[in-house]
Protein chains: 2
Amino acid sequence: MLHLVIAEAELEPVPKDIANHPAVVNHARRRGKRPEETILDATYHHAAIKKLPDGERRGRPDIVHVCLLNALESIANREGLLRVYVHTRNDEVIYVKPETRIPRNYNRFVGLMESLFKNRAVPRDLKLLRLEEKSLGELVDEIKPDGVFVMHEDGELMKPPEFGRTLSRFQNPLVVVGGFPHGDFRGKIPGRKVSLYREPLMAWTVVNEIIINFEHWSL
Amino acid sequence: MLHLVIAEAELEPVPKDIANHPAVVNHARRRGKRPEETILDATYHHAAIKKLPDGERRGRPDIVHVCLLNALESIANREGLLRVYVHTRNDEVIYVKPETRIPRNYNRFVGLMESLFKNRAVPRDLKLLRLEEKSLGELVDEIKPDGVFVMHEDGELMKPPEFGRTLSRFQNPLVVVGGFPHGDFRGKIPGRKVSLYREPLMAWTVVNEIIINFEHWSL
């Protein structure tokens with residue numbers, strides 16, 4: 001089983017510090033929600049987000065959305081070989097059941113994330129997505145992987161098929177992919193650093209390379 | 001060079017027949033556009049779309065969006081090994097320059113498609129995306145591939161790595177992937193039918209499998 005963690009994802013409700021900013025208030029009103037209940041989104045909160053620390057990378061639910069669409073619809077997931085987790089910048093972990101059908105429409109996905117942050121699980125009965133306060137370290141300890149890899153621009157360069165083969169030699173490998181648009185992890189991430197290409201790649205590209213090259217040696 | 005065609009994609013401006021439907025008019029007004037200038041979207045036009053032929057599959061710009069994000073950010077595209085085209089249900093072809101950076105945000109992507117259908121090329125100077133009236137057959141004739149493959153539920157079952165290897169034996173293979181949510185191609189599609197899995201897969205899953213398994217044998 002491959003455990004894939006989208007880590008330090010830029011997914012969070014609007015922080016209190018900017019909840020009164022006109023860009024945030026107007027966007028929330030148009031959506032019929034209170035500002036603190038909406039998800040921070042760089043596209044709509046651009047003017048407000050600049051005032052926050054790390055403002056140039058925050059508010060990217062779209063990255064999580066595309067990573068989840070790719071991971072959950074992959075052959076590896078259909079074959080029961082994959083578990084996906086989202087760890088956020090605020091040390092929350094979203095557990096995703098493999099049978100989850102993520103909304104294809106972005107705005108619906110954001111609406112689902114708003115419910116999730118409010119109710120801690122969605123839907124209330126099936127709990128396909130469940131959110132807990134948890135650090136990345138605690139999540140790794142809980143999963144008890146027999147190998148931990150961190151996808152990193154400065155990591156050891158491995159061709160994707162070679163990395164897929166490496167993963168397939170473990171029973172329960174865990175791979176960490178940064179869920180942010182650029183730059184480095186903010187926290188210390190334990191594990192073997194690996195890079196799949198000589199230039200930075202988008203998070204969803206790395207997710208696809210990992211899963212499909214893992215499938216190659218595991219199916 | 002691998003030529004990837006997202007074919008019969010459910011991407012189109014709102015058809016005249018439903019341009020006066022309240023669901024369409026209200027959505028257009030909220031976006032400050034005339035109804036015929038907006039892109040048909042099953043999420044917002046659900047009530048209107050049911051009245052159209054093939055209504056249960058139309059209005060899916062999200063499928064094109066995710067396929068393009070994955071294809072254009074792939075390692076194969078960075079290495080200059082890929083060309084991507086979108087062919088629509090109304091026999092238009094969108095030519096995508098490999099250096100195009102597709103908007104990450106879905107609503108911005110839809111706005112870009114609205115400009116594209118209106119102006120036939122975006123941005124006006126660089127023409128990264130260009131739209132022409134053209135059938136899939138005409139596009140294939142123009143590309144002059146030395147092998148044509150159609151991803152199809154009823155095709156010959158090939159493991160993805162085996163298909164990647166097959167593709168790598170051609171100089172200019174062309175692969176057709178349906179850009180619709182389910183069901184069959186409406187038109188006759190020439191080429192060798194191939195299936196990568198025993199169950200239907202999402203269009204973007206197929207795109208990822210094709211590109212990454214092609215990379216495996218081509219990089």
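Cβ coordinates come from backbone N, Cα and C, glycine included.
Automated prediction, rather than curation, is the source of TrEMBL annotations.
Annotation comment: TrEMBL describes B:G178, B:G183, B:L196, B:Y197, B:R198, B:E199, B:P200, B:L201 as S-adenosyl-L-methionine binding site. Residues annotated as site 'Interaction with substrate rRNA' in TrEMBL: B:R60, B:R101, B:R104, B:R108. Annotated site 'Stabilizes Arg-xx' per TrEMBL: B:D62, in sequence order.
Location within the structure of each feature annotated in TrEMBL.
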residue	record	Cβ within 10 Å
B:R60	site 'Interaction with substrate rRNA'	23
B:D62	site 'Stabilizes Arg-xx'	25
B:R101	site 'Interaction with substrate rRNA'	9
B:R104	site 'Interaction with substrate rRNA'	21
B:G178	S-adenosyl-L-methionine binding site	26
B:L196	S-adenosyl-L-methionine binding site	21
B:Y197	S-adenosyl-L-methionine binding site	18
B:R198	S-adenosyl-L-methionine binding site	9
B:P200	S-adenosyl-L-methionine binding site	15
B:L201	S-adenosyl-L-methionine binding site	20
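Filtering the recorded positions B:D62, B:R101, B:R108, B:G178, B:Y197, B:L201 for a Cβ under 8 angstroms from any Cβ of chain A leaves B:D62, B:R108, B:Y197, B:L201, in order along the sequence. In this structure the residues listed as binding S-adenosyl-L-methionine are B:G178, B:G183, B:L196, B:Y197, B:R198, B:E199, B:P200, B:L201; their two most distant Cα atoms lie 17 Å apart. B:Y197 (S-adenosyl-L-methionine binding site) falls within neither a helix nor a strand when secondary structure is assigned with DSSP, and so counts as coil. The separation of B:D62 (site 'Stabilizes Arg-xx') from B:Y197 (S-adenosyl-L-methionine binding site), Cα to Cα, is 23 Å. In the three-state DSSP assignment, the secondary structure recorded for B:R60 (site 'Interaction with substrate rRNA') is coil. Residue environment of B:R108 (site 'Interaction with substrate rRNA') contains 14 other Cβ atoms, counted within 10 Å of its Cβ in all protein chains.
Closest in space to B:G183 (S-adenosyl-L-methionine binding site), of the recorded sites given as B:R60, B:D62, B:R101, B:R104, B:R108, is B:R60, taking the CA atom of each residue. Most other Cβ atoms within 10 A: among the binding-site residues B:G183, B:E199, that distinction falls to B:G183. Checked against B:R108 (site 'Interaction with substrate rRNA'), the binding-site residues B:G178, B:L196, B:L201 differ in C-alpha distance, with B:G178 being the nearest. In space, B:G178 is the closest of the binding-site residues B:G178, B:L196, B:E199, B:P200, B:L201 to B:R101 (site 'Interaction with substrate rRNA'), judged by Cα positions.
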